[in-house]
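Engineer: Take this structure, written in structure tokens, and hold onto it; I'll ask about it next.
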Amino acid sequence: MTKVVVVEDHPMFAEGLIALLGDLDGIEVAGHAATGEEAIELVAATGPDVVLMDLQLPGISGVEATRAILRDDPGVAVLALTMLSDDATILEVVRAGARGYLLKEATPDEIARSVAAVAAGQVVFGPGAGARILAALASPSVGVRPFPELTDREAEVLGLIATGLTNHAIAGRLFLSEKTIRNHVSNIFAKLGVADRAAAVARARDAGL
Amino acid sequence: MRTPRSPWPVWAGAAFAGLLLLLVAGSLAVEPRLRELGVTGFVARFDAFRASGALAFGIPGVIVVVRRPEVRVGWIMLAVGAVQGVSLALGSYGLLGINGVDGGLPLDDQLMWISNWGWTPAYLAVPTLFLLLFPDGRLPSRRWRPAAVLTWAAIVLATLGWALLPMADVDVAGLYPPGYQGLVPPWNGLAMPAQTAGLVCGALAAAAALASLVYRYRRSSGEVRRQVQWVLAAGLVTLVLLIVAQVGNSGLPLLLAPLPLPVAVTVAVVFHRLWDIDLLLVRTLTLGALSLTLLAAYAGSVLLLGRLFPEMPLVAVAVVAALAQPAYGRIRARANRLVFGERDDPVAALRRLGDRLSGGGLPGELLGQVAESLGRTLRVRRVAVEEDGVVVAEWSTGPEGPVERFPLLHRGEQVGTLVVGEPLRVRDREVLAELAPHIAVAVRAHRLGADLERSHQRLLAAREEERNRLLHELHDGVGPTLAALAFQADRGRRLVDGQPEAERLLEALAARIRSTVVDVRAIVNDLRPPPLEDLGLAGALAELGRGFAGSLVVEVDAAADLPPMPATVELAAYRIAAEALTNAARHAAASHCQIRLRAARDLELRVDDDGIGIPDQVRRGVGLGSMRRRAVELGGSFDLATPGTGGTRVLVTLPLREAG
């Protein structure tokens, strides 16, 4: 029996998903959380095998919740379930430790297969996303520095972003043009696989920058 | 008034200037009498030189001293003028007495003697002391002390030399009645050696003084440099005139010699803010002096005519005078315009302003042009236009001085304030009153333009906000709801087990709903605010291109030197490019796309694809219309073409200069 926790803030979708999972053989819905904070508590309390995680949640994001859950219990399989399909979003959640990724229009069959797969320790991605993610993950990641994939300058810029400075202010601080800073920021986002500043800051903070 | 209250009140200055004029006028007045007595003429006995020196140095000198008593060079000028004026008057008085008017006048010999040497220090001070101390009244440095010593030696020796000379030995013939001896000072044998020594010292001191000016010129910069440059040039001219006069022993160069330096100082004061003297006063007096000179020349020429042709009847002289009068009037008007600009010609000022107003240009530049036109027309240092106390346009040629404010009224409502950086005369106010309504219209237009620009920006911001709201509705509401409906259809299909018709229907329904979710995602992706702030336009477009991976290879070719752009332009370029990529992928079956960004005056965006072109029904569709609208909204252009090489080319230009 696979114990599943559903984290989803949209009540109707959550209801449909829970009903679907309930109909499937071998799956037991251990609980439902509507926010990331609730999800962390619920997972700690119920100890599920799989967490179906919506990424856009009120309060902390699904990515942050994933990271927190896996920090407490690395054995949980998190399967992201989201409306968006862009590379940055996917990479972000994979870096946070999710085992897989499904779009919300996934069919019941796909969902069943994916839950079973991640519960069995496999990794699941939607069509097309797999190759891109492998390419993005191919960059070397061994080293003592928090973000070995970043150049010294990029790491410096990321540090300044994390302190809350704007591109303009960073440009002034480093005596560089704003455009150069934008280029660095663009590279940083690509290398960290994040979609926006807030996510980059979260990554930097987590890494202790 | 910025200048501190001077210990020398204006009335004292005016009295001094009046006295100086009186001395010169008195000398001129007795001239006919001296002629009758057979005395050598005014010019030939160097009195004209003294008169021009007295006025040319004395009048500017008194202005400087009244406004800025701490400026030593002003005192030198004043002293030069005073000494020349007094020695001139004493000489005229002495000559009258010596040549036997009323059988001699009291102290005529003694005063004539003083006049004979009194001019010397004033004459020598100009090419030496004055140039050496200009403009701050101090030596350029301690190393110039020897030059100062030389200067004083020259002045003392030369003055002594002239003072010791027996009166009868002066170098001008025909001053005294035959046999006149006058005073014979003691030790008069020293007169010639002292004069020669004084002359040698004077020549050396003058050379040193010029060198000091060159030194100052090379060390200074900006406004000071321009001040010195005028005086340096004038110093050279003066020296050349003095040398020519000395060598050729002729009257005219000597007569002209006192003029260049005061003119140069006046130019430095009026146009380069030397000594920071109240411009209005200087200008008024300059104009006065100019007018007086002109008047004197006019009177002189009429007088001369009468002298040259004594047999000509008075009527003819009057006719010539009448003919010369318009010329005088015109020259006076020119002088007036030179000094005061077109302040006294409202029609010309209005015409020039009108040219500016109708000359076009962007609303933002118009007021600046108006301010400049006004500043040049009125010859003032600074003109600014204020709206609600905020300077919206400014023209200035120097640091800020005292200002006058002039309300700008449009339909009885004050729309702004005109700030003029100089005290105004009553007549200036009249000219400004003529011009103000027209400037007020320009200010009003400027404000309307700014309002329009603001509301346009608000409109664009509102649209972005609306897109955001829609995005969240779709992303958080419609999308998940549809996905949930698909689950319910799936459930329904399982519940109706055994009814193939219903199963097929519900299965098709679920599939249709899921494909709608895909459509919703496409709309959501299109609605998301592009990461322009973080990545810049080129970066954001590259990111956008990556989103098409799988169906379209997108290459972004952005010029390395793209300038910072207004947010509205970046957003429009991004959205247009996004639309073009969508069309290329969805309708033109393209596999490769190039986005090219170039910026000069405008941002040029070009999107080329290798597809089959855009079908007609899409051409008329919403996509192209919204692309065109975005470009036109910002004052740009949009063009869709099918080049000979095939594919589709979208060419958009967006002005980078922000209007308003």
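A Cβ is built for glycine as well, from the same backbone N, Cα and C atoms used for every other residue.
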Engineer: According to TrEMBL, which listed range is transmembrane segment: B:48-66, B:314-332, B:542-560?
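Structural biologist: Result: B:48-66 is the stretch TrEMBL calls transmembrane segment.
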Engineer: Which stretch does TrEMBL mark as transmembrane segment, out of B:7-28, B:227-248?
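Structural biologist: Based on what TrEMBL states, transmembrane segment spans B:227-248.
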Engineer: Give the range, chosen from B:116-134, B:477-495, that TrEMBL lists as transmembrane segment.
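Structural biologist: Of the candidate stretches, TrEMBL labels B:116-134 as transmembrane segment.
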Engineer: For the transmembrane segment (B:196-215) and the transmembrane segment (B:116-134), decide whether they are in contact, meaning at least 3 CB pairs lie under 8 A, counting pairs 6 or more apart in sequence.
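Structural biologist: The answer is yes, given that the two segments have at least 3 Cβ pairs within the 8 Å cut-off.
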Engineer: Counting only residues 6+ away from its ends, which parts of the chain sit with a Cβ under 8 Å from the transmembrane segment (B:146-165)?
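Structural biologist: For the transmembrane segment (B:146-165), the sequence-distant neighbours (Cβ-Cβ under 8 Å, at least 6 residues beyond its ends) are 113, 116-117, 120-121, 124-125, 128-129, 132, 139, 185-188, 190-199, 201-202, 204-205, 208-209, 212.
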Engineer: Residue list, the transmembrane segment (B:48-66) vs rest of chain: Cβ under 8 Å, 6 or more residues beyond ends.
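Structural biologist: For the transmembrane segment (B:48-66), the list is 6, 8-10, 12-13, 16-17, 20-21, 23-24, 27-28, 42, 73-82, 84-85, 87-88, 91, 119, 122-123, 126, 251, 254-259, 261-263, 265-266, 269, 275, 277, 281-282, 285, 289.
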Engineer: Give the residue counts of the domain 'Histidine kinase' (B:575-658) per reduced DSSP state, in the order helix, strand, coil.
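Structural biologist: Tallied per class, the domain 'Histidine kinase' (B:575-658) gives 28 helix, 29 strand, 27 coil.
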